[in-house]
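Colleague: The structure under discussion is supplied below as structure tokens; questions concerning it will follow.
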Amino acid sequence: MAPANAPRNGKYAKSSQRTLKRKRVQEDLSSLVQRVEDLDLKESFKAFTDLPLSEPTLSGLSASHYKTLTDIQSRAVSHALKGRDILGAAKTGSGKTLAFLIPVLENLYRKQWAEHDGLGALILSPTRELAIQIFEVLRKVGRYHHFSAGLVIGGKSLKEEQERLGKMNILVCTPGRMLQHLDQTALFDTYNLQMLVLDEADRIMDMGFQKTVDAIIGHLPKERQTMLFSATQTKKVSDLARLSLQDPEYVAVHEAAASATPSTLQQHYVVTPLPQKLDILWSFIRSNLKSKTIVFLSSGKQVRFVYEAFRHLQPGIPLMHLHGRQKQGGRLDITTKYSQAKHAVLFSTDVAARGLDFPAVDWVIQLDCPEDADTYIHRVGRTARYERDGRAVLFLDPSEEQGMLKRLEQKKVPVEKINVKANKQQSIKNQLQNMCFKDPELKYLGQKAFISYVKSVYVQKDKEIFKLKDLDLEEFASSLGLPGAPRIKFIKGDDTKERKNAPRAVAHLSSDDDESDAEDDEKKSKKKDAPQVRTKYDRMFERRNQDVLAGHYTKLINDDGTLADPKATDEADEDNDFLSVKRRFDAGDKQLEVGGSSDESGSDSEAETGKKDVKVVNIDGKEPLVIDSKRREKLLKSKKKLLKFKGKGTKLIYDDEGNAHEIYEMEDEEQFRAKGDAKEQQARFLAAEAERTRLADVEDKELVKQKRREKKEKRKARERELLAQEEQEEMLVQLPPPEDDDQGRFSPSEDEAPRPSKKQRVQFAEPAESEEERRPKKPKKSTAEPKEIQTLEDLESLATGLLG
């Protein structure tokens with residue numbers, strides 16, 4: 001018999017090893033949780049090993065060559081490990097990506113998150129390129145974890161993403177595609193989400209993504225940890241309320257710094273007229289062929305035109321272009337090539353302005369003025385990253401200089417002015433004109449670039465910087481190689497709007513001149529000769545007044561249309577009454593025959609006739625309805641039209657004692673004063689109503705959310721049933737049909753037609769006399785029908801025939 005301490009072999013040894021390993025993992029996890037709870041937030045950390053991090057995270061950081069913490073990482077990671085909401089703000093290139101990726105991995109690891117737990121962390125990025133960059137860093141740092149991570153951006157197959165989305169624990173995505181999956185993917189749930197991260201939060205929370213982000217947040221649970229990171233962080237209460245942040249920790253490591261940009265960045269600006277911008281840019285590229293440069297423009301059409309034009313001119317350095325209209329594969333190839341290149345020029349829109357980490361960028365050129373100081377900070381942040389050196393140049397038109405410098409000064413951005421040497425400046429205006437003349441496509445691109453630039457200036461909100469009327473657009477079009485400035489509709493619309501809103505006095509200043517009068521007369525005569533279209537408003541103004549006061553007005557005017565003099569004497573009135581109209585009779589009126597010599601008899605008879613024609617109908621109203629015309633008679637037939645003549649109904653409410661009261665009753669003055677001051681009562685009433693509406697709004701939102709959730713669950717249940725049915729149909733195996741031997745045991749019914757059988761054909765064979773006849777012969781076609789098997793004797797005879 002083996003001793004008690006002998007080592008175990010086989011199945012028992014493996015199970016004991018698994019038990020020990022599980023026990024060791026649980027002990028490490030409990031100690032890690034205890035270290036996080038004991039973490040001092042005021043302590044400063046310098047290395048990643050000083051933080052309470054798990055072994056897989058430390059191994060991933062070490063393999064990716066991350067050893068020391070940056071300022072934003074040192075302060076933000078400790079708060080995030082504690083589960084607090086964070087608003088992180090730091091300069092560009094300070095390592096904000098790791099500041100939120102490490103807490104995401106650690107918090108899910110401590111909760112032992114697995115595939116069946118669903119989505120645990122959601123990371124939103126404003127651009128596809130930044131999302132790809134975050135995902136690559138996540139893959140490097142989290143390579144030793146067992147989480148499933150996914151990248152969800154536009155430009156890829158939706159069905160492929162839908163099949164894999166339900167199995168993901170961490171998602172890096174753009175807002176638009178994420179909302180599409182939340183609405184359409186049945187097997188994707190976010191009810192168990194633990195963390196929400198917004199990189200470049202100020203860009204995501206602005207007007208461009210507002211509706212999309214609100215819709216995404218509506219799908220997420222309120223009990224979650226939320227982290228916002230950006231170089232220019234938002235502090236708006238409305239934005240924070242939309243994200244349901246709970247006592248967020250504001251981490252701004254460079255808030256007290258002298259400048260908002262890195263100290264290793266040299267920043268300059270050049271004042272140049274708009275038509276000379278391309279000439280100076282070409283001269284700059286030609287003089288810096290051994291450097292890596294990014295050129296920012298305001299629109300994608302400008303990027304395409306400048307890229308195509310400079311590509312034809314061949315400056316002697318690789319040229320690339322990046323804008324939002326490109327397909328996802330092309331954008332990814334361009335960013336990869338530019339990252340790997342040592343010397344290149346990239347023409348780009350603001351797609352590349354935020355978050356992208358291009359290594360060893362020497363120059364950032366802003367050919368067009370940025371919309372605000374925040375955009376400037378993000379653009380120049382593509383260089384001078386991680387304490388490297390970098391240089392930036394801003395091109396400003398003379399009309400933009402004062403306003404932009406003022407905005408940069410408010411954001412603590414130091415910029416120095418430099419001048420361009422005249423002997424190094426080269427003009428490419430004639431070459432561009434020659435190329436546009438020979439190539440219609442390039443000319444078309446130039447026209448579109450001109451229009452898009454003018455439109456980008458026109459839509460800017462800061463009119464202190466962007467003054468469209470001060471720009472020399474004709475010369476700018478000529479500098480692009482165009483024969484003339486294209487027509488722009490919205491500028492013409494502004495002129496017509498100004499003419500329309502001009503005061504009338506200004507419009508009539510020139511009416512005293514004889515020449516203008518003659519021109520007006522000619523225009524009027526032309527208008528009279530031309531056929532005019534009469535509208536319903538014209539017919540309305542031509543209609544005669546049928547109001548009650550029409551008769552009084554006719555008495556106030558003379559026969560020639562002039563107003564009667566109210567200060568005239570009675571004698572003048574008597575003279576006028578001599579031939580004035582006293583009464584009008586219709587043709588065939590009986591009163592003409594009777595006549596009347598005196599005014600009194602006429603007036604009496606008129607009153608009598610009036611009394612005969614007038615009817616009075618009492619309805620439920622304040623005053624009776626007078627029927628004095630056929631129109632009023634028709635009015636009696638319409639209940640709908642009579643409603644406005646009837647009084648409004650009164651609604652009564654009953655108190656607890658059963659006494660009837662009107663809905664709105666006026667209080668006595670003493671009762672009103674007993675309740676306090678009027679302003680205090682007003683404040684109390686407004687507060688009570690606000691609280692009531694707030695509670696009702698919460699209930700309504702919860703009801704709508706519940707209905708939406710139920711509808712989505714029903715739709716997902718239907719899709720699950722369809723998927724299950726498809727899987728069952730694929731797994732079903734068809735049974736083979738029964739053999740002929742089994743069929744021969746049963747006799748066919750009388751209704752069925754007799755089925756010929758190969759075995760039944762043998763019944764025609766008779767015992768052969770010779771061997772040759774016994775040999776099997778080919779079956780011949782026979783018109784005779786086979787004999788049916790009806791009795792047991794027929795079956796026996798068939799069997800004997802088969803046995804021979």
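Each Cβ is built from the backbone N, Cα and C atoms, and glycine gets one as well.
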Colleague: Swiss-Prot tags one of 95-98, 199-202, 675-678 as motif 'DEAD box' - which one?
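Modeller: Going through 95-98, 199-202, 675-678 one by one, Swiss-Prot flags 199-202 as motif 'DEAD box'.
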Colleague: For the compositional bias 'Basic residues' (706-715), jot down how many residues DSSP puts in helix, in strand and in coil.
Modeller: 10 helix, 0 strand, 0 coil
Colleague: Cβ under 8 Å, sequence separation of at least 6 from the ends of the compositional bias 'Basic and acidic residues' (695-705): give me the contacting residues as numbers and ranges.
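Modeller: Same-chain contacts beyond the flanks: 218.
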Colleague: Average pLDDT across the motif 'DEAD box' (199-202)?
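Modeller: A mean pLDDT of 86 is what the predicted model shows over the motif 'DEAD box' (199-202).
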Colleague: Tally of helix, strand and coil residues over the motif 'DEAD box' (199-202) according to DSSP?
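Modeller: Its residues divide into 2 helix, 1 strand, 1 coil.
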Colleague: Sequence gap of 6 or more, C-beta under 8 Å: which same-chain residues meet both conditions with respect to THR97 (ATP binding site)?
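Modeller: Once residues fewer than 6 apart are set aside, THR97 (ATP binding site) is near GLN133, ILE134, VAL137, ASP199.
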Colleague: State which of the following binding-site residues has the fewest other Cβ atoms within 10 Å around its Cβ: GLY93, GLY95.
Modeller: GLY95
Colleague: Just to be sure I understand, if DSSP states are collapsed into helix, strand and coil, how many residues of the compositional bias 'Basic and acidic residues' (695-705) fall in each?
Modeller: 11 helix, 0 strand, 0 coil
Colleague: Once near-sequence residues are set aside, which residues in the chain of THR92 (ATP binding site), 6 or more away, have Cβ atoms under 8 Å from its Cβ?
Modeller: ALA231, THR261, PRO262, ILE377, HIS378, VAL380, GLY381, ARG382, ARG385
Colleague: Can you name every residue in this chain, apart from ALA90, LYS91, THR92, GLY93, SER94, GLY95, LYS96, THR97, with its Cβ inside 8 Å of the center of the Cβ atoms of the recorded ATP site?
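Modeller: In sequence order, the nearby non-listed residues are THR70, ILE72, ALA231, ARG385.
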Colleague: Is LYS96 (ATP binding site) helix, strand or coil when read with DSSP?
Modeller: helix
